[in-house]
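*Asks:* Let me give you the structure first, and then I'll get to my questions.
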Amino acid sequence: MTKEGMLSAAGRRFSRCAPSPRPRRNYALANIPPPAAVHIRTNDMISPEERRFLEAAELGNKPTLQECLDYDGDRRLNVNCLDSMGRTALEIAVDNENMEVVELLLQQPDIRIGNALLCAIREGVYRLVEVLVNHPNITREMLGDGWSQALDPSEAASAEYSSDISPVILAAQLNQFEILQMLIRKDASIEKPHRHSCICETCDRERLNDSLQYSLKRINTFRALASPAWMSLTSPDPILSAFKLSWDLQRLAFEEHEFKETYLQLSEQCKQYSCDLLSQCRSSEEVIAILNKDGNVNDDNIDVWASKLSLSRLKLAIKYEQKAFVSHPHCQQLLTSIWYEGIPYRQRSGTWANFFLYAFLLFLWPIFCLMYILMPKSRLGRLVRSPFMKFFYYSVSFATFLGLLTWATFEDYRYEKGERGGMTRASDRGPPATWVESLVFTWVIGMLWSEIKQLWEEGFKRYMRQWWNWLDFLMICLYLCTISIRLSAYYIFTYREDPYRYTVRTYWTSEEPMLVAEALFAVGNVFSFARIIYLFQTNPYLGPLQISLGCMLVDVAKFCFIFVLIISSFSIGLAQLYWYYDPNTDVCLPGATCKHSSNVFSSIADSYLTLLWSLFSITKPEDTDVVENHKITQWVGQGMFIMYHCTSIIVLLNMLIAMMSHSFQIINDHADLEWKFHRTKLWMAHFDEGSSLPPPFNIIVTPKSLIYVMNCLFNTVRWLLGKYTYQKNRNRATIRRPGYSRKRNEMEKSGGHDDDSLKPLTYADIITRLVARFIHQTKKDMKMDGVNEDDLHEIKQDISSLRYELRDDRRREIVRSSSHIDAVKRDIMRTMSTTSRRPYGGSMRLPKTRPSVAEESEEDDKSDETSSTDEEADETRSRKSSVLYIPPVNSTLPGIISEEAPVKKSTKRRASEADSKLPDRPLSDTYTSSFTPKLLPVFAQPPHSALRKTDTSMSFPINGTALDTSIVKPPRGVLRASQENLPAVELIETLKKEMNEKLDRLISGISENVKSPSPASHSHVGFNVEK
């Protein structure tokens, strides 16, 4: 079938098809390609002039670039043209770090700089950024918040950076310290975004306009604010700024779930920055200044040398959960020094020495406490007041309390006689307290007073943030309820005659006060023994396990929420299925004996208990059977019971195990960090002064307490009279500084602060040092990263640009040297012809048909400048007209091209370093084998011949004899020989003879080169031979 027939058949089939609601064009039949889905700019869309312009910018070819900019054709070149990747020539030059090309492009009036400035900041070249920022097109507003409004629409659609990334934001994100500091000096700033729930007009407009763009703008801004460079250069207190910003970002991670990982990464970046600053501390004084800073008081210039510490910054770090900062070795070293203050040899002692020390302190515990009550300011009192001793004696006191609870639990009441003979104590409905219970009551009162003091000192919010305080609160409440009920029962049955006071417990009701009190006491004992786990945090082996247990309890709580939903659904379903079958009645079937029903799902409460105990295999499978012949009920009940077991045991319990394993693995991976953080929280509770005595000694009224009470009453009276103001700041300095006495003695012996190491330090001075060290360390780490792909690309671009520069310099040097030597040769020949015509006496003025040597050189330079673009023509001309000039051995001609020629500025190049070498041919007899070609100077200014017409005389000696100006005084432009000066005429004759010999040799050499040409002579410089 022919092509026309196939097309007609296809057309008929197409016409029989059902009409489409949206007709489509058949590109296959029309042989027309479908339109492109994505329009990508290719090299075919770029004009030849623009392509040449962009390639010159890419390769660093400055002459070609200048030629493209100077070209004035039919259509002016667009300096903002784009390549296939959407980059302008300025962006390409900045990306290649070609400063000369950038300066050349910036001279153009309509150049666009926007994205090029961002590229320069990305490359981190300070000089490029400085040149671009100082351009008139860049204003102060464009560097900060006004960047997106000032951008050109074509630049705003850049494929690399969005319009909301300003130069200062990009410099901060990349941690370019020098560039960011330069932008800050030009008043560039970053505005912190509003909170996520802000309902202002600006936020609502941006959110409704484009919610994604609004969120990305916030993230880019927070990336800049969270950068170490921005916080180091703009914040007076970088550590406090890092704490607050980290906390805000952590809250945003749970508010904007879509970008949770991004915000968490930025939060970790802020935490790491604060740790890096703390790592720069080099002495304990600097660490103390950092940890003792109070963010609520402007005390940057207050002396950090103080006998008391508050550790306000450390408390703030614990509040903001800066675990890495708190667990830092510098911080832990200071805390350890404070913790063991007064017991300096404890850390360096062995195991047995510490054991005997603890035993000694244990047995002297009551004596030390009583001595502290009597003499709180003595040396022994200071020892008892130390943090370690307070914790140790609190642990001893709590262990004693647990021992009393155990004793009270195992006390046998059933065989003790009551107040009335014949009745046991167990049957007394209002028994009095025993001496063990009285001691427990005393301990509970002491623990209650300790918690009240802690609540007063820390504040309600800080007290409630610690979960162990919740446990203490519940434990004390249970014991107080037990004591209250016991006292009430004793009062009721002691002061009121009741014949049923001594009754066997079998006849007691469930609401009996003693039964309620014993139940509460039992629960309180459970919490009391669980409280001892809190003390494990000081141990490096048990501490991580205790922390893992706390995380697992959170997982159990999550599991219980899901498990309650599952067990409730099955309990309600089974109760609905078995509600009719009462387990308390016997069922009698016809022709069978009566059977007792064992229905365990008759109510919702029974269903809950049955399903709960079934997890531990206590229930039986027969519990779903019924006595009646109701198979459908029995089958459905068995199916639901099986589904419950599969869901709860196979799925939920294994999920709980996996969750607990995951939590334990997280803690185990960061065991040291988590343990040190929680240990620090325990230590901080014992650092502050107060609560020095453990229960029950803390309820004893001491003389110090009486003085404090009287002082408080006196201040209250003064406050009522308006003569006293209470300070609301709770972060008062109460912690003793380790080694302060020794340091103070050293300062007194040194006679003041002459020594720099003993001078008082302020927080502002120390934070300035730390920031400077951090910046230096960061830059050092960046330099040690090694060579990457970008560095290799930059080296390649530098080599390419240098190659073009060397090629241009070489071409100019060849043309300039050739023209200069030709002019020298013509001057010499003109001089010889003049002297041959009038050898004796008189003078003859030559017709000035050619310019002088200097003028010829200047004209040659001008011609070189105009013809520099045509490289091949210059090389061809130099190849045809140049030979290497080698002077003879016995020649006394001055060093026209020698190294000793006086020049102002020259760049020397050996003739042998040209593109090709000399041809291997034998030299003439007049040449010597030890001869080395002279270096050819490149004159910075228009060159002049060493042998030239001057206003005075010849500037070189001839045969070792210099011409005196008194002998030869030619006028300007004329070579004169006087008849009276015969020695001068003889010298000219000698010069003429030597020149003739030299020309003969040159002609012979040129003839040999013509007969056997070699490519190696193309780059040699010599006299041009005119045929």
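Quick reminder: no glycine exception, Cβ is built from N, Cα and C everywhere.
Annotations for this protein, taken from Swiss-Prot, read as follows:
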- 1008-1017: compositional bias 'Polar residues' (COMPBIAS)
- 1-22: region 'Disordered' (REGION)
- 825-929: region 'Disordered' (REGION)
- 1008-1027: region 'Disordered' (REGION)
- 85-115: repeat 'ANK 1' (REPEAT)
- 117-141: repeat 'ANK 2' (REPEAT)
- 163-192: repeat 'ANK 3' (REPEAT)
*Asks:* Which numbers of helix, strand and coil residues does DSSP report for the repeat 'ANK 1' (85-115)?
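*Replies:* Split into helix, strand and coil, the repeat 'ANK 1' (85-115) gives 17 helix, 0 strand, 14 coil.
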*Asks:* Could you tell me how many residues in the repeat 'ANK 2' (117-141) are helical, how many are strand and how many are coil under DSSP?
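*Replies:* The breakdown for the repeat 'ANK 2' (117-141) reads 16 helix, 0 strand, 9 coil.
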*Asks:* Average pLDDT across the repeat 'ANK 1' (85-115)?
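*Replies:* That region's mean pLDDT is 87.
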*Asks:* Per DSSP, how many helix, strand and coil residues does the repeat 'ANK 3' (163-192) have?
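*Replies:* Across the repeat 'ANK 3' (163-192), DSSP assigns the residues as follows: 16 helix, 0 strand, 14 coil.
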